[in-house]
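Database features (Swiss-Prot):
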| type | residues | note |
| --- | --- | --- |
| ACT_SITE | 138 | active site, proton donor/acceptor |
| BINDING | 110, 111, 112, 113, 114, 115, 128, 136, 137, 138, 171, 178, 182 | dCTP binding site |
| COMPBIAS | 170-179 | compositional bias 'Basic and acidic residues' |
| REGION | 165-193 | region 'Disordered' |
């Protein structure tokens, strides 16, 4: 069962759930709290590698990822990031989120953006119990026109689902957690699997 808006507000008030900066009450509706787009992005430079062998030796995977992933792009205030048709880019939420050990979060893109071809969180929309940090967004433009994305715009909504108990291995206590305390548009760390 997911938390309703009243419970989200109560959990934020009690510090059981942390979203910084905290969304205003008008951005907490039904069963979700809105999240906004941050100003950090990364793009893929596909022309620098023919392919990435995801099951290859770790050093080769790392080398390929370093060739295809751009440095972090930090947009100045008021600037837009343009995502062209068929492009994949990483971005980050403006908000940092901290979940307790007994709650799993779910991030969904906005329907209004999907109707324009924007996929906000391509496949990985689960936020693990014990998570702390910004959420990296995997953008894909499946539409026909470039999309201008501006930091601060509402990009998605988080819902929160209490579990049957506390996780024995929440994300913040796992030694193998690749994205623990994530800040910025962190690229794939698939080679650490």
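Keep in mind that glycine also has a Cβ here, set from the backbone N, Cα and C atoms.
The shown structure was predicted, so the numbers you read here are calculated from the model rather than taken from an experiment.
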Open item on the list: Which secondary structure state does DSSP assign to residue 138 (active site, proton donor/acceptor), in the simple three-class scheme?
Closed with: strand
Open item on the list: Let me make sure I understand the structure: which of the binding-site residues listed (114, 137) has the fewest other Cβ atoms within 10 A of its Cβ?
Closed with: 114
Open item on the list: Using the alpha carbons only, what distance in Å do you get between residue 128 (dCTP binding site) and the residue listed as 'active site, proton donor/acceptor' once rounded?
Closed with: 17
